[in-house]
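Features as listed in TrEMBL:
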DOMAIN    43-294  domain 'G-protein coupled receptors family 1 profile'
TRANSMEM  27-51  transmembrane segment
TRANSMEM  63-89  transmembrane segment
TRANSMEM  101-122  transmembrane segment
TRANSMEM  142-165  transmembrane segment
TRANSMEM  243-263  transmembrane segment
TRANSMEM  275-294  transmembrane segment
Amino acid sequence: MSSSNRTGSSPLIFILTGIPSLPMSSYWMALPLCCLYLLMILGNCTLLWMIKTDHSLHTPMYYFLSMLSVADLGLSLSTLPTMLAIFWFESTSLCFEACIVQMYFIHSFSAIESGVLVAMAFDRFVAICYPLRYASVLTSSLIMKVGGAIFMRGVCVVLPVAVLIKNMPFCRPRVLSHSFCLHQDMLRLVCGDVRVNSLYGLTAVILTKGLDSLTILLFYMMIIRAILSIVSKEAQAKAFSTCISHLCAVLIFYIPLIGLSIIHRFGKHLPPLTHTLLADAYLLVPPVLSPLVYSWKTKQIRRRILILLCQRGTQQQV
């Protein structure tokens with residue numbers, strides 16, 4: 001096996017894999033993928049547009065929701081080029097530099113989304129546990145600082161991952177297991193010592209998604225305690241209903257992530273299709289379902305959508 005990144009002046013090329021046992025030129029797979037990406041872009045852009053144009057939605061909860069939509073869009077657009085290239089044009093090769101860039105953006109936006117979910121949990125915690133102090137705690141200045149800190153954490157924590165793997169020697173054949181570049185997948189093709197890369201990668205995951213999931217759990221333990229202390233059952237149900245959308249978003253994001261992490265470490269004997277479907281679910285499902293969940297469960301957004309639909313129907317009749 002060759003242990004060099006380049007032979008002469010020829011670039012280092014990785015081969016991406018579609019869905020195992022599925023032909024590359026399968027248009028019945030390519031068409032649903034296109035529809036899925038269109039739904040992602042349309043749903044998240046619609047949310048962003050509504051939050052921007054409707055002044056009644058200019059509250060901390062919806063500012064954090066707009067950050068979640070931006071992270072979802074970034075995550076979707078990071079995987080879109082290679083996914084569609086494989087299934088529409090049967091193009092499976094990707095140069096090393098492009099693979100590094102895609103890997104960086106996928107993991108960065110994933111870390112940013114995880115951080116936004118923590119901020120949204122904090123928003124629900126303050127709203128339920130300290131409702132009278134909500135406006136004074138979650139000021140516009142604090143929201144901007146929190147958003148900036150989440151973005152910088154996602155950018156900075158993942159940067160060493162890309163730098164460390166850039167100079168590593170890769171073996172042949174350089175065939176990745178997915179339709180996009182992931183750090184764990186690239187790392188298994190390295191010929192040299194990967195202990196530093198693996199250790200930092202694990203540390204980055206613990207400092208982002210690991211710490212975030214524990215923080216969200218802690219916030220919800222305090223939220224549940226506060227809800228149970230309310231005497232009225234009706235008030236309890238109303239307080240809990242304000243958390244349902246966020247809880248759904250957390251489950252949609254973390255269940256595929258946890259499943260993928262377990263499969264990567266303990267499921268090496270499982271068929272490749274299992275790894276592929278879990279990785280696709282981790283990157284494709286949250287950006288599609290999050291705007292649908294918030295549109296369905298949030299009264300203000302649902303009302304705004306109905307008003308827009310009624311206005312459009314009236315214009316068409318005229």
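Counting starts with 1 at the first residue shown.
Cβ coordinates are placed from backbone N, Cα and C, and glycine is handled just like the others.
Below 8 angstroms of C-beta separation, residues 60, 63-64, 67, 100, 103-104, 107-112, 115-116, 119, 183, 186-187, 190, 196-197, 200-201, 204, 207-208 of the same chain, each at least six residues beyond the ends of the transmembrane segment (142-165), sit close to that stretch.
Confidence annotation: the domain 'G-protein coupled receptors family 1 profile' (43-294) carries a mean pLDDT of 88 in the model.
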